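Annotated features, as they stand in Swiss-Prot:
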- His45, Cys111, His116, Met120: Cu cation binding site (BINDING)
- Cys2-Cys25: disulfide bond (DISULFID)
- 1-128: domain 'Plastocyanin-like' (DOMAIN)
Amino acid sequence: ACDVSIEGNDSMQFNTKSIVVDKTCKEFTINLKHTGKLPKAAMGHNVVVSKKSDESAVATDGMKAGLNNDYVKAGDERVIAHTSVIGGGETDSVTFDVSKLKEGEDYAFFCSFPGHWSIMKGTIELGS
């Protein structure tokens with residue numbers, strides 16, 4: 001399948017720590033569902049995809065960007081894909097070109113809401 005569904009909750013947790021992207025897919029979609037009840041201003045979640053080595057800097061720059069920008073710096077070329085920030089009961093998805101992922105590179109997905117990225121994160125890898 002060329003998509004995955006991820007859930008985030010009010011306890012600052014994703015329900016998965018790793019995503020494998022089938023390298024035969026042209027595009028890959030991440031579907032995010034917030035299973036909690038808290039509003040996005042208090043406990044918002046998104047999914048940001050970047051190289052593992054860029055994760056910390058992308059999250060730090062994202063904090064400065066604010067909620068109106070989904071805690072992602074505008075035009076950040078280190079960001080491969082990201083969803084909007086959503087609150088409890090909401091869903092969002094993002095589709096990206098699989099050619100942006102290179103074999104042998106380490107990729108991460110994380111929530112860039114302030115204070116979340118150190119806990120709400122996992123790995124993304126190309127697989128078959």
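Glycine residues also receive a Cβ, built from the backbone N, Cα and C atoms like all the rest.
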Rounding to whole Å, the Cα atoms of His45 (Cu cation binding site) and Cys2 (disulfide bond) are apart by 22
Mean per-residue pLDDT in the domain 'Plastocyanin-like' (1-128) works out to 98
Same-chain shell around Cu cation excluding His45, Cys111, His116, Met120, C-beta within 8 angstroms of the CB centroid, reads Gly8, Met12, Phe14, Gly44, Asn46, Phe110, Ser112, Phe113, Trp117, Ile119, Lys121
The sparsest Cβ environment within 10 Å, among the binding-site residues His45, His116, is found at His116
Cys111 (Cu cation binding site) -> DSSP, reduced to three states, gives coil
Whole-Å Cα distance, Cys25 (disulfide bond) to His116 (Cu cation binding site), is 30
Lowest 10 Å Cβ neighbour count of the recorded positions Cys25, Cys111, Met120 is held by Cys25
Reduced to three DSSP states, the domain 'Plastocyanin-like' (1-128) has 24 helix, 48 strand, 56 coil
CA pair Cys2 (disulfide bond) / Met120 (Cu cation binding site), Å rounded to integer, equals 22
Cβ neighbour count (10 Å, all chains) around Cys2 (disulfide bond) is 13
